[in-house]
Ligand SMILES: *[C@@H]1O[C@H](CO)[C@@H](O)[C@H](O)[C@H]1NC(C)=O
Ligand SMILES: *[C@@H]1O[C@H](CO)[C@@H](O)[C@H](O)[C@H]1NC(C)=O
Ligand SMILES: *[C@@H]1O[C@H](CO)[C@@H](O)[C@H](O)[C@H]1NC(C)=O
């Protein structure tokens, strides 16, 4: 068995979960120093490796600002677009395993592009607050590099897309604010939170740093000064997958499964699982073009959970990742979506709206329902959901999602499961509601449908009973209803 040094890992966890927040406040005086442009190339410490599709994990050729010959030596393609990848804080002083994965995915999608990896490993290996300070210098370095490409080779800056992860996102922001001309796009992949949540725009990623700034927030758990990922929106489009605080598949149970499967050395992946998910979501968008993840604008996580925000009108929805629709609103918009725990991450979102009729007043909380969807292309059975509340003669709305593309929805089955604990009262009280119709709105297909019972009448949804079936309301049953009234 290989010995693994887990000390750096613990430092990582400690810093991110406890110390960084406190350092943040003591570090403020230096954080206020404004960032200036560099005038010569001598003090550029960052290195710019032009990787190749053949060697995605090796820095074999460096583009050196001030040394024109390096551009041709590295076979830089002047007519293609350029991706500039900026890594984040590291405990090991080495590139993390996502770097070659992202480089490979970029080349797979854009084979003629130039993928440049910025090496600031020495500065990123310091105490977190020190490395956080260094993002300004790294940003200056990157800006000098871009200005040099523009001035010396007339390389069009609107072909430059910077991707920065964690601290690298803020370095990208600084770079973008310093270049002579605005770069085309900056993608912030879970920009670091500690020391940046309350910092000024010129040291953090912000919408003015590029023509378009899109941001994925994947690990924003805890109070703002403790959160590993920045919580506030910092781009034109800010997407919070799964609410943004934590990602599916990143819990402890999953940790043990992974350790069993892949061995101990991958445990650091796990600590950073939700943080790093931002990168894998972007990679997903490069590799699975045919399975785009849709995100929906919403004022709150809670409203999204109720399924209230699945509209695409007036740019309310957008595509996560590479093919994002470059919408620049007056204020940044928060967008939400659910995902799977693995790549491809895509799911299909539905809003369900149900009115629960009853003769008696009855209110129940935290009730387990299972819902099955049947469509033209497939089916998705027994999707569990918990209804926070159901009460008589009220309408409730909730979000349902499934990884299966079921096509056009044809039939819905609803089952009210028994409570997990035994309750005596359930012997005496009949827990049931009548349902007349179910309104379903699909996010991905942007369709609204109404479902009725087969004969168009009310059906009774009773706890513990067999599922009730709803089909698309046809003209016949709607006519029947009208005659009755
Ligand atoms: C440079 O990229 C363009 C597309 O942008 C491509 O047509 C051309 O073949 C590439 N040149 C080289 C030398 O790879
Ligand atoms: C709920 O509304 C129906 C009519 O829509 C009515 O008959 C019934 O009595 C109401 N139930 C309660 C508990 O008020
Ligand atoms: C049910 O509750 C509502 C308001 O709480 C009340 O107006 C209504 O009369 C009640 N209906 C029955 C049948 O008790």
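Residue numbers in this text run from 1 along the chain shown.
For all residues, glycine too, the Cβ spot is worked out from N, Cα and C.
For reference, TrEMBL has these:
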- 166: active site, nucleophile (ACT_SITE)
- 190: active site, charge relay system (ACT_SITE)
- 275: active site, charge relay system (ACT_SITE)
- 209: Ca(2+) binding site (BINDING)
- 348-471: domain 'PLAT' (DOMAIN)
- 1-24: signal peptide (SIGNAL)
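All protein chains considered, the CB of residue 190 (active site, charge relay system) has 30 other CB atoms within 10 Å.
Separating the Cα atoms of residue 275 (active site, charge relay system) and residue 190 (active site, charge relay system) is a whole-number distance of 6 Å.
The DSSP secondary structure for residue 275 (active site, charge relay system) is helix. Counting other Cβ atoms within 10 Å of each Cβ, the recorded positions 166, 209, 275 show the lowest value at 275. When pLDDT values are averaged over the domain 'PLAT' (348-471), the model yields 91. Look at the domain 'PLAT' (348-471): DSSP puts its residues at 4 helix, 77 strand, 43 coil.
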